[in-house]
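All remarks here apply to the structure that follows.
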């Protein structure tokens, strides 16, 4: 297989940045409307919009293409994804956007732990230093010793664990399942999980919130499509670290809209988390080249 040209790589990076930007804007929109809509409602409408947008692809491939022998893994993927977004949107209402985004994007630091538990694969020696660096960064951002740590910071970190579980299960599914089938079961199962907790509140949603809700769902679907296309053009080792630009974007939006400005110590923590996360991704990618089937931790596209 020929290596992609510089032009192709630049195109892939641009597409990936567009996907990251959509995700950041979607997170900001959710913070804006969470006080009036609620986390469960935002997440359930999001998945409903995504499911509707997936239907043309299902029609194209035919209903027979949805037959699967890996339903338990699809259930795990859907449950972890739904829980990730629910607790992420819950935390995002109560803590600065940049902190919630950073904690969720620490998922690559959690992936080796998930792989250890799910697949009984040891954490490679070369990963320990990046993991330690990343978790030191998380501790600095959270700073439990100064009394500022609260439940919503813990929820933000819980979103990262759910995200990591979703990433690993998606990578396992991708060995046998086509992309449209993975997305269909993901959106359907996640919607089924969240709908009972939200549908009773839909009548209470103010009219102005509905365009934001639809935007959040459409942004998630489009970002997933853009990520898929970008990863078909260039190597994951090049594209995966770009996901951390969402932290920068969240910081800018949080400062401009809500006046949240991280202090110097928080900036140091953010840099450590990003350094550790990117290093884990790159090391995982190199190792996956050597050992077939090992998750590369580069699946940051898998919401």
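All positions are counted from 1 along the displayed chain.
Every residue, even glycine, has its Cβ placed from backbone N, Cα and C.
Taken as a whole, the domain 'EamA' (13-142) shows an average pLDDT of 91 in this prediction. Per TrEMBL, the feature domain 'EamA' maps to 13-142 (among others).
Feature annotation from TrEMBL assigns transmembrane segment to 37-59 (among others). Long-range neighbours of the transmembrane segment (37-59) within the same chain, counting only residues 6 or more positions beyond its ends whose Cβ lies under 8 Å from a Cβ of the stretch, are 30, 65-66, 82, 85-90, 93, 180, 183-184, 187-188, 190-191, 194-195, 197-199, 201-202, 205, 209, 213-214, 216-218, 220-221.
Summarising the annotation, TrEMBL assigns transmembrane segment to 128-145 (among others).
Within its own chain, the transmembrane segment (151-170) has Cβ neighbours under 8 Å at 73, 76-77, 80-81, 83-85, 87-88, 90-91, 93-95, 99-100, 103-111, 113-115, 118-119, 138, 142, 182, 186, 295, 297, 299-300, 302-303, counting only residues six or more beyond its boundaries. Per TrEMBL, transmembrane segment is recorded for 151-170 (among others).
Taken from TrEMBL, the feature domain 'EamA' covers 152-277 (among others).
What TrEMBL records for 182-199 (among others) is transmembrane segment.
Feature annotation from TrEMBL assigns transmembrane segment to 205-224 (among others).
TrEMBL lists 236-258 (among others) with the feature transmembrane segment.
If you look up TrEMBL, you'll see 264-284 (among others) marked as transmembrane segment. Under 8 Å from some Cβ of the transmembrane segment (264-284) lie the Cβ atoms of residues 98-99, 102, 105-109, 111-112, 124, 126-127, 129-141, 143, 236-237, 240-241, 244, 247, 251, 294-298, 300, all in the same chain and six or more residues away from its ends.
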Spatial neighbours of the transmembrane segment (182-199) far in sequence, C-beta under 8 Å, 6+ residues away:
38, 40-41, 43-45, 47-48, 50-51, 54, 57-58, 66, 68, 71, 74-75, 77-79, 81-83, 85-86, 170, 173-174, 224
What parts of the chain pack near the transmembrane segment (128-145), using Cβ distances under 8 Å and only residues at least 6 beyond its ends?
99, 102-103, 106, 109, 112, 153, 157, 265-266, 268-277, 279-280, 283
